[in-house]
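As written in TrEMBL, here are the features:
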TRANSMEM  6-27  transmembrane segment
TRANSMEM  36-54  transmembrane segment
TRANSMEM  66-93  transmembrane segment
TRANSMEM  105-126  transmembrane segment
TRANSMEM  138-163  transmembrane segment
TRANSMEM  175-195  transmembrane segment
TRANSMEM  201-221  transmembrane segment
DOMAIN    424-566  domain 'GGDEF'
Amino acid sequence: MLLNKYTVILFVSWLLIVPTSLTYMLLTHDSQVIEWPYLLLFAVFGVLTLVYPIKINGKSLNLVSWVTIPAFLIYGLLFELLLMQISILGTAFFKKEQSETADRFFLNSLLFFVLSILSAQAFYFVSGEIGSVDFWPIVLSVAVYQLVHRGLYIVVKIAYTYFKKGKLNEFTKDVLLENALVICIIPFALTIYFLIKIIGIGAFVLLGIPFFFMISIHRLYNNTERINHDLQLAVDIGQGLSNHLNEEKVINQFVEKVAKMFNAEFTYLFDHHDGWLELIRSYEHGAFMDIQMNQLSVGEGIAGMVLKDNRPAIFAKRKDWITSSSDYAPDEMQSVITIPISRNQEIVGVLFIASIKRDAFNEYQLKILDILCSYFTVSIEKVRNIEETVRKSERCGLTKLYNYAYLKERLDFEGMRTQQGNLHELAVVILDIDHFKKVNDSYGHQSGNDILSELAILLENHVPKNGIVGRYGGEEFIYVLPDMRKKEANRFAENLREVIASHRFQIASNLNDSAKSIEVNITVSIGVAALPNDTDDVKNLVRYADRALYLGAKRAGRNRVAVYGKS
């Protein structure tokens with residue numbers, strides 16, 4: 001609603017000032033002075049200059065003054081006003097499918113109309129004369145004209161930015177270079193002017209055509225430089241991803257770096273599984289966000305279409321994609337570029353990038369994204385292989401619990417913490433299955449393994465906070481419980497014993513042909529020892545807990561908890 005009100009005010013202001021003033025000036029001005037063929041020729045070069053600008057770091061430079069200054073010096077203010085308005089109108093026509101909007105056209109038309117009048121007044125104020133060929137007076141007058149024009153433009157631009165975005169533009173080297181180049185166009189404009197005075201309109205053939213030829217070369221060079229820069233940046237990002245050994249960090253850095261590289265306000269990463277896309281990362285305006293989005297099916301939304309077609313998509317503005325969007329599409333989102341992420345000829349995800357600017361993305365960036373996604377998938381695969389290798393080295397193959405080697409390392413680590421004064425209480429709980437040999441003899445070793453696996457799941461589901469559980473060997477398991485007192489450990493062990501005793505384990509006897517599924521019960525004997533109650537040395541904890549298990553629980557009849565005591 002605010003934007004509509006702003007557009008209406010802008011349109012009314014433009015209607016009252018620009019068309020009205022031009023009509024009045026045309027009616028009161030000698031029509032013979034306006035040489036319409038020459039105005040058309042000047043306008044052609046003006047439109048071309050605005051449609052194909054020089055760009056520095058993605059910012060377009062307005063160098064149209066190389067056309068408007070000679071027009072003003074030869075034919076006067078009215079001719080220059082008409083030339084500028086025709087150029088702006090022509091530019092809006094040629095760019096109507098890209099980024100021009102109604103309010104942008106009205107603003108530019110009104111702005112440059114007022115700037116032209118004020119700059120002309122400054123020109124006349126320093127005694128500038130239309131059609132003069134006196135070199136130094138005309139140089140001084142044009143310098144004042146251009147400085148006033150550019151200075152007022154900068155002031156208006158700062159005010160407009162503050163009004164629209166609530167912040168001031170940063171005064172950077174790029175801004176300084178942009179203004180310096182616009183001011184430095186004066187010598188070229190004066191050369192055109194003096195050459196026209198000597199040989200006529202043919203001066204555009206001698207200088208105008210070479211001017212656009214140089215601009216074309218500059219644009220090609222800039223595009224090549226930008227592509228090379230982006231390629232090198234993609235390589236650097238890929239190398240950075242490969243340095244991480246954690247999957248979460250790889251994903252986060254990939255999303256963050258891509259958003260920064262593409263100057264994207266919105267970046268979303270979808271994971272693909274079983275024909276559905278699930279949002280796993282949301283990055284908006286420089287921060288990770290927790291966005292609740294329903295899973296997307298094949299063909300649903302832009303990401304779903306990319307999944308279905310297995311090819312990237314790029315959109316210049318909101319109206320090109322809004323009808324295909326899913327349930328989440330922020331109002332300020334405009335340009336969109338989306339690409340499938342593949343590994344081994346299979347789509348494993350979709351990357352969705354969007355900007356608040358129109359025409360923010362180019363076709364060549366799809367290739368850059370493809371390279372980045374390749375680095376990403378390789379890094380993820382590498383991390384998963386490393387994590388799997390580490391898991392296998394730390395886990396028991398049968399129960400998937402921590403193995404003896406890892407338990408020993410963890411106990412050594414906790415011992416170091418106690419020595420440094422960072423840990424003051426530590427409990428160890430060891431449990432052993434009662435009469436487990438009888439289970440194997442009665443139902444077979446495979447059934448014994450099934451019981452061990454099911455028991456492992458049960459034990460892992462009852463791990464206290466900060467604790468771990470592992471298979472110590474055979475049918476013996478161990479809990480390492482930092483920050484747990486001895487009484488709490490005893491209470492935990494007793495509760496665990498009751499849970500296991502009441503649990504019905506599902507097995508299939510392997511000692512007969514029927515292999516019928518049956519339920520069995522098992523019991524466990526448990527030993528508990530704790531620091532600092534029983535010892536100051538972590539190495540003794542396991543031995544003391546093991547002693548309590550066999551001397552205090554097994555010998556006393558099994559299916560009970562025994563707590564180690566120094567006595």
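Heads up, the Cβ atoms here are built off N, Cα and C, so glycines get one too.
Long-range contacts of the transmembrane segment (66-93) within its own chain (CB-CB distance under 8 A, at least 6 residues past either end) are made by residues 18, 22, 25-26, 29, 33-35, 38-39, 42-43, 45-47, 49-51, 100, 104-105, 108-109, 112-113, 116-117, 120, 123, 130-132, 138, 142, 145-146, 185-186, 188-190, 192-193, 196-197, 211. A mean pLDDT of 91 is what the model gives for the domain 'GGDEF' (424-566). Sequence-distant contacts of the transmembrane segment (36-54) (same chain, at least 6 residues past either end, Cβ-Cβ under 8 Å): 60-64, 66-68, 70-71, 75, 79, 82-84, 86-88, 90-91, 94-95, 181, 201, 204, 208, 212, 215-216, 218-219.
The DSSP breakdown of the domain 'GGDEF' (424-566) into helical (H, G, I), extended (E, B) and coil residues amounts to 58 helix, 40 strand, 45 coil.
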